[in-house]
Amino acid sequence: MSAELAPPPPLAPGGLRVTALGGISEIGRNMTVFEHLGRLLIVDCGVLFPGHDEPGVDLILPDLRHIEDRLDEIEALVVTHAHEDHIGAIPFLLKLRPDIPVVGSKFTIALVREKCREHRLKPKFVEVAERQSSQHGVFECEYFAVNHSIPGCLAVAIHTGAGTVLHTGDIKLDQLPLDGRPTDLPGMSRLGDAGVDLFLCDSTNSEHPGVSPSESEVGPTLHRLIRGAEGRVIVACFASNVDRVQQIIDAAVALGRRVSFVGRSMVRNMGIARELGYLKVDDSDILDIAAAEMMPPDRVVLITTGTQGEPMAALSRMSRGEHRSITLTSGDLIILSSSLIPGNEEAVYGVIDSLSKIGARVVTNAQARVHVSGHAYAGELLFLYNGVRPRNVMPVHGTWRHLRANAALAASTGVPPENIVLAENGVSVDLVAGRASISGAVTVGKMFVDGLITGDVGDATLGERLILSSGFVSITVVVHRGTGRPAGPAHLISRGFSEDPKALEPVAQKVERELEALAADNVTDPTRIAQAVRRTVGKWVGETYRRQPMIVPTVIEI
C-alpha cells in the first residue's frame, strides 16, 4: 500500500496526523507518531526480533529516520507498557535526543530506566497513573487502566484541537484480574460519551471468537501439576509476566517448595516487581540458584526464561547441558507457561526435543491450561467498540489478517465502513473536521541492530548470510592454458556443510567429467569454466542434500 501512495501533503490547519513507524501490518516494533500544529507526540518505541530469514541481526527497530530532522519538535514519548515490542527501541531514540520526556506508569518507567542504564542514558521520566492526565505542549494525555500480561499497562487518550484519539496499547478485558485492576471500560465509555474521534485498537486476537480465558485460570493448573511432580519442577515464562510468576510462587509455597529465579531478565524484573510491591513473596521462600541446586528436588521450583527457544536463554542452555549451575535429569518436570510466537516454532520444538531426550517431562499449553493470552478476543473487542462508540477506527498491532478482522468487528458495531482506516507502516492518516482518511505515505523500512552497527542491512547482505548459513564449498581446479583440459583432480573443501570428509567425492568426479566435456567443446575461458563448475556442484548439492551452500570455484591455468 505505502509504495503506491504519494508523500502526504502539508497537514491541513488544525488537523491531526497519525503515522505508524512500526507495529501495523506486523506484530512488534510498535511506534506511532502524532502530529498537531507542528509538534509531535510519540506513543511507544519497541523492537521486533529477527526471523530466520534475517541472520546476524540482533534487533529490528522502527525507522527512526523519518523523525531525525524533527527531533526538536517531539514533546514527549508516552509508553503504554513495558514489553520489549513497546520499549526496546527507546535507547536508540534517546541517543538521537536524550532529553525527550518519557511518560509511563511506575512499573513501566522502572523497566525503561534499567534498559536505559545499560546504554548509559539518564532520561527525563514523567510518572503517571490511570485517571490522571499530563500536558505535553499541544497534546493533553489522559490515562486509563488496562489489563494485559504485565503490570502498569495504560491506554492513552490524546486530546487536541483536532479531536480526541484513544490508543488502547495492548489490551484485555479480564474480569478477574489477579491484581484487582481491570481494564477501565467505564472510564473509556465516559470518554465515548464526550466523543472519541479516532480509536486505535489492538488487533492481535481479533480472529479469535468469544472471550479470552482469565489469568486466574492458570493458577489451579500450575498447582495441580506441581503437586503431582515427584522431583524438581522448572517453569518457563515471560520475564515480565508478574501475575504468572506470582501464581507459580503461590503454588510452590503452598506445596512446601521454595523458588529460585533463573535468567538475567527474570532476576532483574522480579527484583523490581518485589521492590515496587507487585510481587509478594517472603525472603525465606526465595533461594539463589546455588542454594536451589543443593535442595532436594521435590522441594524446589525454578522459574526461568527461555519460552521461545532463544539460544542463550536459561532453558535452552539447560536443554543442551550448558548451564553452569543447573543440570537437568530424567524425572524433572518442565512447564512451558507461555504462548508460541510465530516464527519461533523450530527453536521451541528443538528445545522440547532436547528436554525429552534427557528424560524430562514437558508440559505445554497443548496439554494443560498453563498459559492464557494477554490480548482481547473478538468478544472483548466488541465490548470496547460498543463502549467507546468511536467516530473513526484505525486497527493497530497486527498483521493484515488481524487488521481486517478487527475492522470487521468495528463495522459490525455500527462504525461506517468509510470511517474505518486500514493503514500500514509509513501510511499517514489525517483527522480533519472529524473525519479520518489516508493522506499519503512516507518511506519507512527496517532499522537493524547488527552488533555495534545500527542502520540498513540490505537484502543483498541478508541473502548472502542466508547462503552462508547453509555452508561453504570451495572448488579448486587446475587446467591447461589454451586447451582447458584438467591437469589434475579437483580439490574441494567444505565448511559448515558436512563433517564427512568423503561427502564431496562424488561431485569431484562430476566436476572432472564436466571439465573434459568443456575441453571437448573448446571452452578455454577461465570465467566460463568457473561458472560451469559452480553449476555442476550446486546442482549436485541441491539434489543430494537439499542445501544451497555458498559455492566458490577457483580456476588455475598452467
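Every residue gets a Cβ built from N, Cα and C, even glycine.
Per Swiss-Prot, these features apply:
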- His81, His83, His148, Asp170: Zn(2+) 1 binding site (BINDING)
- Asp85, His86, Asp170, His397: Zn(2+) 2 binding site (BINDING)
- His371, Val372, Ser373, Gly374, His375: substrate binding site (BINDING)
Spatial neighbours of Gly374 (substrate binding site) among the binding-site residues Asp85, His148, Asp170 [C-alpha, 10 Å]: His148, Asp170
Spatially closest candidate among His81, His86, His148, Asp170, the listed binding-site residues, to Val372 (substrate binding site) (Cα to Cα): His148
For His83 (Zn(2+) 1 binding site): intrachain residues, at least 6 apart, with Cβ closer than 8 Å: Gly46, Ile150, Asp170, Ser240
Residues that sit under 8 angstroms from His148 (Zn(2+) 1 binding site) by C-beta distance, when 6+ apart in the chain: His81, Gly169, Asp170, Ile171, Lys172, Gly374, His375
Alpha-carbon distance [His397 (Zn(2+) 2 binding site); Ser373 (substrate binding site)] in Å: 15
Close in space, distant in sequence - His86 (Zn(2+) 2 binding site), Cβ under 8 Å, 6 or more apart: Asn30, Asp44, Cys45, Gly46, Val79, Thr80, Gly169, Asp170
Check: same-chain CB within 8 A of Zn(2+) 2 site center, minus Asp85, His86, Asp170, His397: Gly23, Ile27, Gly28, Asn30, Asp44, Gly46, Thr80, His81, His83, Gly169, Asp202
Other residues, Cβ within 8 Å of His81, His83, His148, Asp170 Cβ centroid (Zn(2+) 1 site): Thr80, Ala82, His86, Val146, Ser149, Ile150, Cys153, Gly169, Gly374
Other C-beta atoms that fall within 10 angstroms of the C-beta of His81 (Zn(2+) 1 binding site): 28
Cβ neighbour count within 10 Å of Asp85 (Zn(2+) 2 binding site): 22
Cβ neighbour count within 10 Å of His397 (Zn(2+) 2 binding site): 30
Near-site residues: substrate, ref His371, Val372, Ser373, Gly374, His375, CB cutoff 8 A to centroid: Ser149, Lys172, Asn205, Ser212, Pro213, Glu215, Ser339
Other CB atoms within 10 A, centred on Val372 (substrate binding site): 20
Local backbone state of Asp85 (Zn(2+) 2 binding site), from DSSP in three classes: helix
Same-chain residues at least 6 apart in sequence whose Cβ lies under 8 Å from His371 (substrate binding site): Val218, Cys237, Leu336, Ser337, Ser338, Ser339, Asn365
Protein Cβ atoms within 10 Å of Gly374 (substrate binding site), excluding its own: 26
